[in-house]
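Beneath this line is the structure, given in structure tokens, with notes to follow.
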Amino acid sequence: MVGLQPSEVPPTTVVKFLGAGTAACFADLLTFPLDTAKVRLQIQGENPGAQSVQYRGVLGTILTMVRTEGPRSPYSGLVAGLHRQMSFASIRIGLYDSVKQFYTPKGADRTWPNITRNAIVNCAEMVTYDIIKEKLLDSHLFTDNFPCHFVSAFGAGFCATVVASPVDVVKTRYMNAPPGRYRSPLHCMLKMVAQEGPTAFYKGFMPSFLRLGAWNVMMFVTYEQLKRALMKVQVLRESPF
């Protein structure tokens, strides 16, 4: 078996919060350059008349940034990202199990409609991870260990990228555009389609998938192990022996 085994005692809210925030920060540290490369590729081609550095591929984008802007450029904005993960991920991931249990009728084996309706923002990651993990466990293909968490997180990352990429590209274009270029996100979307075609919505898909896939794998695997480690520590502290 790889990694710590599940504890017989369910993790407390504090353990979930601390574990989720720490795991998310760890995942951000390792995948942040991919996110930076994704943004650069997404905004590339927005203004065809402007002369700017051309980026090609994930690795090419990162190397070009290092060469033209310095070795620290792929990690520009990391501190703000870590603050966001510690405050945001600890809530959305740490509270997921509690919210799921709240909306699950006693004795029910399925609550997917309720989960989906009440977790719209996180459905591409949290619900997908949960569904894949439960299906793998129900089919007895895996036990609740590292391979199961890895496969579930990888699938969640892919689904999240497919669903979120169009919105992510529009958001990135709209937020990085100079004042007056777009009247609204809808105007930005329509202009993208008219000038670059529908494939523009999936610009930077590969770095997005690499980033989200790697982030989800590192975050969920770390989170599962941290929960188990923290619960073992808590049980030992409360043991009278």
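Just so you know, glycine gets a Cβ as well, placed from its N, Cα and C.
For reference, TrEMBL has these:
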REPEAT    11-102  repeat 'Solcar'
REPEAT    144-229  repeat 'Solcar'
Which residue counts does DSSP give the repeat 'Solcar' (144-229) for helix, strand and coil?
73 helix, 0 strand, 13 coil
Mean pLDDT for the repeat 'Solcar' (11-102), rounded to an integer?
82
Pull the DSSP breakdown for the repeat 'Solcar' (11-102) and write it out as helix, strand, coil residue counts.
68 helix, 0 strand, 24 coil
